[in-house]
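Taking it in order: structure first as structure tokens, then the write-up.
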Amino acid sequence: MITVPWSVFLIWTKIGLLLDMAPYSVAAKPCPSVCRCDVGFIYCNDRDLTSIPTGIPEDATNLFLQNNQINNAGIPSELKNLRRVERIFLYHNSLDEFPTNLPKYVKELHLQENNIRTITYDSLSQIPYLEELHLDDNSVSAVSIEDGAFRDNIYLRLLFLSRNHLSTIPWGLPKTIEELRLDDNRISTISELSLQDLTNLKRLVLDGNLLNNHGLGDKVFMNLVNLTELSLVRNSLTAAPVNLPGTNLRKLYLQENHINHVPPNAFSYLRQLYRLDMSNNNLSNLPQGVFDDLDNITQLFLRNNPWHCGCKMKWVRDWLQSLPLKVNVRGLMCQAPEKVRGMAIKDLNAELFDCKDDMSTIQITTAVPNTLYPAQGHWPVSVTKQPDIKTPNLNKNYRTTASPVRKIITIFVKSVSTETIHISWKVALPMTALRLSWLKMGHSPAFGSITETIVTGDRSDYLLTALEPESPYRVCMVPMETSNIYLSDETPECIETETAPLKMYNPTTTLNREQEKEPYKNSSVPLAAIIGGAVALVALALLALVCWYVHRNGALFSRHCAYSKGRRRKDDYAEAGTKKDNSILEIRETSFQMIPITNDQVSKEEFVIHTIFPPNGMNLYKNSHSESSSNRSYRDSGIPDSDHSHS
């Protein structure tokens, strides 16, 4: 039997006890009472704190202090001792200066939504390993940034200064910056020297500033050889910027400016560019070949521009038709001239561009009558009008007629009501789908007023709804293949019609017309109508019987209650109701008399009428029921009831 020395046994016992107590010693690290600690993550956010609590564990790596009321005086000096902290979230607090006493090795600092005005070298030099700095929504201005404030931050990659008070780009930014956001400031000028050292910059956002072409130097972006994304949205540019870095630029955003022309060399050498957006500008045409160097373009957005589809834009149609399927071009819709407004540029044929050298005259054809629709004429847009030919009346519905060389679609329209138009069509060849578009005519349309839809090839009609009453509309259809590419040599078939006027389609008239148009499904009268008619006839018969019975009994009753009319022709009964005489009207049996009243009993302008009914309680009038049949029955005296004083 092997014996273990007692000393060795005691040593191993102590080691076991120490190992058992080790987890408890780690778990016993303190956590501020107002916070919650979870393995390096310290949550002290949303607690209305005015200062950072003390006693934060030394193993903390992420401090969540956002949405409090912490000010600069509330940052304790002991915070510098937390050497493992890498991320601090101090946004939405009450800081008015760049904070000090921050941990030295912090890499990501969020200070947005404070009121920070100044950025000094002393505050930034304490955090030399900073990689991301978020200062959005503060009050930083160009003069409040100390010269050389960032010279020790050689690891800074992201700098966000959106929505501040900057008028220029800060000087002396580190060369290591890869993303710079300066959107929604007051920047009006950018010198060529302010960005020349940022050779590692990949993303530059300058949206919502006051930049125009005079405030941009010709070579301001030239040295940004690693730039992949440039955004100049919501500025005041009148022309697309030139001399852009073409080595790596992939995204260019120029929408919501005042760009009215594009220099021919604006996009030269941008062979890596795959997304270009110039929507919401004032472009009416493009110089030929402006997109020739865009070898990798896949997304081109040109929405909401007043494109004039004249001869200068014919090359655009040819370029669009030569693009591969992967290229997505949006927004090239004609706004002028009038004859092609609302049509896609890629759908136009050569004759519609008004190029005199290529223009060929198309003979006007005669309208084909149709028995189902009103008299319809030809569509004036797709033909060349001769001086001696009158323009068709736009207040009627028209049927399209095209050259007999190519007749793919024939469209018919009919105004159903003040807000709806029924469209039907016939196709000469089988097709998978058709594109249907409509636009209100008679005025310069607002951007986006053209409505489009895709209908399947097996359909032959469509109902347009929610239209304006008594308004002209243009309707166009284009055949589509299964690959969703429009036929390159096919002109859209268009037609113009008008919704019905309001006076012709009031609710009652419309209902009656619809009822007249809709035939009965069965020739027999519905059972409900038969029952309703029978009930009405029975009710009328009963009502007539009751009226006859009342009339007969009333006549017999009035013969027993006849009274003398002799005195009523010249007495003062009628006068009593108009002169306001101070008298009493007394009726005894079949006669009556006026009894004067002394002035001391009743005031001067008053009278009192006492009615004394006959002892037998009978009516005084011969036919009392006849008075209820009219509002102006006449007495024997010839005076209407409205002129008598009733009691």
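Glycine is treated like the rest: Cβ placed from N, Cα and C.
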Disulfide-linked residue for CYS44, taking Swiss-Prot as the record, within CYS35, CYS37: CYS35
As recorded in Swiss-Prot, which of CYS311, CYS334 forms the disulphide with CYS309: CYS334
From CYS37, CYS311, partner that Swiss-Prot gives for the disulfide involving CYS31: CYS37
Annotated residue, N-linked glycosylation site, per Swiss-Prot; candidates ASN226, ASN296: ASN226
CYS44 (disulfide bond) and CYS309 (disulfide bond), Cα-Cα, nearest whole angstrom: 62
DSSP three-state assignment (helix, strand or coil) for CYS334 (disulfide bond): strand
Pairwise CA distance, CYS31 (disulfide bond) versus CYS44 (disulfide bond), rounded so that it is a whole Å: 10
Candidate nearest CYS334 (disulfide bond) in space, where candidates are the disulfide-bonded residues CYS35, CYS37, CYS44 and distance is Cα-Cα: CYS44
Site of maximum Cβ density within 10 Å, from disulfide-bonded residues CYS31, CYS35, CYS309, CYS334: CYS309
Chain-internal residues near CYS44 (disulfide bond), provided their CB is under 8 angstroms and they sit 6+ positions away: PRO32, VAL34, CYS35, ARG36, ILE52, PRO53, LEU63, PHE64, LEU65, ASN68
C-beta crowding around CYS37 (disulfide bond), within 10 angstroms: 17
